[in-house]
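Notes follow once the structure below has been shown.
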């Protein structure tokens, strides 16, 4: 709580003046003396009353300079001295912090705060009785209110005391971190307190629309409250999809979700004409044309255009299958594979071919099937010019040119370029083993 006392005294012309506390206004020769702006000397003292909390008391003394009897002009110069001291103290006050600040006029002394960027918290409300106020010893505690966006940041002066040198940081944010109490920014909705205004700004999103009545008196209680809520308070999702009922926190996320239902794909590839619903998907797709594959597998050296593609590939080496089907308990390494499997339980085939009426669970499967009707083969081998309707068939064909045979037989060690070739080869071993087992059975009889 700031207590402000203002006292006016007239200086004696015969007393010695401190050069830092007074100034003389020269007059030009031959010109009549014009009314000069009055120079005021203001002394602000912060004192500590005798009760539990440290509440500074500010005394203000305005001393007019001799020879300046004209009324105050708009360009008046104020010299402010801020001095902190404790009442009833036996010290001589040499240890008190003192600083001098010079302003053009009182109306413009808050110009720095008024010119702050909107993204920074601005001083929205302060003690209106501060300039030239009377004794405010009996006034209630002052809560400085800072605004940022639609939220309010309340700085409780009873818990956090701001000195004259720390009221504003170098970045323009109001810093009231002086004091022993860790909680200084209080949510106006639920009463929760935070040490930094950025933490409160994040909390306001979580607190919106929820009747939260928790309050903290220290940092440990705040940490326990955060731990009980999983570290993050529930966030409001006011934007609801009218088609499927899914909710989102941001309106932009809802608009992107609507494209799933409408089929809108505004982002088109200039190379192949393929369209995408999001720009990030188009950027990843463009790497297939440029050949930019920055993500490399440390096991086999295979390269990928996205980090997610590399993570999915790494599961083939580790054997991790984190996605389980709730119907049959079967595990899958990829989420899209699980979705395709779940459609087999549902029996849903929403994508129907207009040529033959065949249904498919995925839209991509329908596109691949339609190429059998149109005869389109967009995937062309760069070595021999042979074309294919599916990219997987092109990859299998390119292994003939590269000589790569990653699939080996566990019985004889023979290698194959494609997995289907290995399966056909393994049937030979199965027939031989079956014939040998029959011969052994006949011989035993």
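Cβ atoms are placed via backbone N, Cα and C, with glycine included.
Looking at 1-38, 39-76, the range annotated in Swiss-Prot as region 'Disordered' turns out to be 1-38. Secondary structure of the zinc finger (267-289) per DSSP, as helix, strand and coil residue counts: 11 helix, 4 strand, 8 coil. Sequence-distant contacts of the zinc finger (351-373), counting only residues of its own chain at least 6 positions beyond either end whose CB sits under 8 Å from a CB of the stretch, comprise 340, 343-344, 389-390. Among residues of the same chain six or more beyond the zinc finger (323-345), those with a C-beta under 8 A of the stretch's C-beta atoms are 312, 315-316, 361-362.
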